[in-house]
């Protein structure tokens, strides 16, 4: 009858041999390191999927309102600081590169390389937030922050500045809809910035551990998965930048 | 009445000394636990607490509606009461009920794993739930919220002076608890199955929780961002949903129902899983059409994402959208019917016994069928326009949620109680409770169908006097229902000390969770099982027993 006896054989060699048979960072409920790594990776990808749905709500709203209020979106988009936006895109892509470098250093057990890559990523992340803050400040000065302080006057009576010709004036009701654009601008970039801040928080924790020699024993799931998160936040920006900054800019 | 219950000899039987309850002691060992079984118990206690609050609020609603005038509460107090009832019952009871308690407890064991994939995230999910619950209670105590659980804009963003922000953030936090539970389940089911446990050997409870988890993971983030936008609109005045600024309140409806319609499947799918287990066990037959039932869960999850606009037929969506969404809504009835028919065929020529879980399961099948079919009334735009925002809709979703889900939850709690605690609940009184619940439920909610057909609107503290008779019926029924819910709380607590020792497998059920000791060890299995048998293979179970006899005897 032994063939029908299901609950019989053991594959749990790890516990039979105590902790000697598997690395100390293997959690007790996994059979092998391979299973543990696959599981955490899969979990991270699934989490990123939830993040796509989270941002997806705002992208949907953007799609609808851009179709409805296209002239307002074009005019409002042109008031964004294209130089700072482009610079930020460069900064973020570079930070993704340094992060990827960090993961590679962890894989190949280069402690110094890992620490310096993480420091570079950390600094680039802060630079991004700094530039973003400057842009927000500019919007505040221009009365483009939605709420009681908002004013759409500049879109009804545009003025020429710095040798650029004046924008085409908008009808007052269309000009008022620039507030929808700026609502989405602040909601989307704000949520993105919040993800950056959380990321920098986790990054500094990781950096602290890396300086003490962590991640050199082959247990790099944390670095890898954080890398995935960081790249994801980067990709969100890659979508935000053209959608918010580049609407009909050079046509 | 025949029975399949087989208990060990009570004179000699003992609860195993080493089990997950006795493994560690002290409050901290519970508050910092990573054990999925202990977290399930923590969840069970907390959702029972919130159910008691939500239930009390329901009682107050029924008490107010006993008379046509608004005499017990002022109209705005009444608004706050039904809002809190809805928020607590939906987000703090129904969504986590079966997955976070029963699912948390049995899914890892059913797939043959030692724990969920991410034990710490599982614990975090419970703390997030508590934080969300505490914020909800705080919102309630500090003045309440009166928008209804649907947070309809622009009422919620502009015209309500109540605690919309606190409640919104509470649901945001509780939502992450649900996302993490779903994420944990999906990863566990994909990556932690025991050797030999293929997808089509999984118990159907696992399949339906898997489908529910997909909805949690994909839907809840959309609700989260929607609530964030509402909060931003209230606090700093962004204009995404504000018609004065060019925003569209209907967009809020689309985003909200994109989550909240799938959310009803988040609530009902795990309950359907319980019914599959219970019906099979108490008919001693493999679930008829196993593959069809498994895929119908996934089909419900997929279709569930394409029907949300049927909540908006009277809100100014285009006629073509109404047509399409009406048709898609009918489509959901197909996989739901597949389940009901397959359970009926499982019963056919089965050796049926009537233990408490089975009684609740029968209640589920009857009431869910009524709830589901009246859903078709509401899905067809013609009747929907007459019936929506009346008591018909209240009766419909209470038939599905209370008659369906709560019955399934109670069925599951009774079914797995011996496994969770090692002791049996008292059979006779629990059968009585099941019958009382069923009768009370029908008295409470069936008159509401009639009230809705006659045109009584929902969400008002007062109503014309000609509706009083049916309302008195409903309130009387609610009192009976209240007793039906109070009984299990009392006798289940009683059974913790005085219940009979259950032994490993009191129901002679086939799931992996029944092949280990009750209550289980912290690590669930002494040896990771290798699975060769199909799900619900009762012949395999018989052979196992013979094997034991020949070896031990």
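The backbone N, Cα and C atoms fix where each Cβ goes, glycine too.
Listed in TrEMBL:
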type     : residues  : note
DOMAIN   : B:24-532  : domain 'Cytochrome oxidase subunit I profile'
TRANSMEM : B:40-61   : transmembrane segment
TRANSMEM : B:81-111  : transmembrane segment
TRANSMEM : B:123-145 : transmembrane segment
TRANSMEM : B:165-189 : transmembrane segment
TRANSMEM : B:210-232 : transmembrane segment
TRANSMEM : B:252-275 : transmembrane segment
TRANSMEM : B:287-308 : transmembrane segment
TRANSMEM : B:320-338 : transmembrane segment
TRANSMEM : B:359-379 : transmembrane segment
TRANSMEM : B:391-417 : transmembrane segment
TRANSMEM : B:429-450 : transmembrane segment
TRANSMEM : B:470-494 : transmembrane segment
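Here the transmembrane segment (B:470-494) sits apart from the transmembrane segment (B:210-232); fewer than 3 CB pairs are under 8 Å, leaving out pairs fewer than 6 apart in sequence.
Contact check: the transmembrane segment (B:287-308) against the transmembrane segment (B:40-61) gives fewer than three Cβ pairs closer than 8 Å, residues 6 or more apart, which falls short of the contact criterion. Across B:40-61, B:123-145, B:359-379, stretch B:359-379 shows the highest tally of CB pairs under 8 A with the transmembrane segment (B:391-417). In the predicted model, residues of the domain 'Cytochrome oxidase subunit I profile' (B:24-532) average a pLDDT of 95.
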